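J.: Per TrEMBL, the feature domain 'Cytochrome c' maps to 26-107, 135-217.
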Amino acid sequence: MRKTACFFLIFILIILLEVPCLFSGQKSQNGWTARQVYLENCAACHGRDRSGFIGTPLVSAKLAARSEAAIRSLILYGIENTLMPVWSCRLTQPQIRQLAFYLKETPAEIVRKVTVDSDGRCNIAEIEKWWRDSQRIAKGEVLFEEYCMGCHHQTIEAFAPSFGEIAGNRDVTAIAGQIKFPWSSSAILGYTDQKMPVFGLTDSEIKNLGAYVHSFRE
């Protein structure tokens, strides 16, 4: 009798130890699946690292005020009169649930460049913070005065949002994306009556301008 009870207790102990691992593995698998869904469907607008591009940043800190249900609703039905489409026709309900959880609960991935030496050693390169380059910021100020000053004020919203507000709410990559693809960002931000024009700037000039605007971030 005691031997049977002992075997039974061991069996229960094994179950208690293994079940959390099973759930943990499932959670990990769901997270990986959601990340793949994000990269295939969302990264083009919101950035591979979720810091924003022509779409808003989707890092967990920015989504703190929204519930998972609210995020699912945005994915399901999109946002009218913007470039955010309806995804219910493409993604399944489980994918939408996994994606909402991933965006809400998972820290954004830090994308780093990996280099390989001649001897086979791998090195992780430091992230180039080009937006802090004082020369870029100075060049960006000149570009801003030439192309942007007519519509954007530092603190007052006139024909367009103040660049102080833009700097406070947008990552530098999102700012650069708005400059490069202004027609899309105008639609996303709701400025449909007066759209921001395309200025034909080079990628380097766009970075300079983005660095200048981002320098007003508090």
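Heads up, the Cβ atoms here are built off N, Cα and C, so glycines get one too.
Unlike curated records, TrEMBL annotations are generated automatically.
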J.: Mean pLDDT for the domain 'Cytochrome c' (26-107), rounded to an integer?
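T.: Averaged over the domain 'Cytochrome c' (26-107), the predicted model reaches a pLDDT of 83.
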J.: Which numbers of helix, strand and coil residues does DSSP report for the domain 'Cytochrome c' (135-217)?
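T.: DSSP classes over the domain 'Cytochrome c' (135-217) add up to 49 helix, 0 strand, 34 coil.
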J.: So, by DSSP, how many helix, strand and coil residues make up the domain 'Cytochrome c' (26-107)?
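T.: Helix (H, G, I), strand (E, B), coil: 43 helix, 0 strand, 39 coil.
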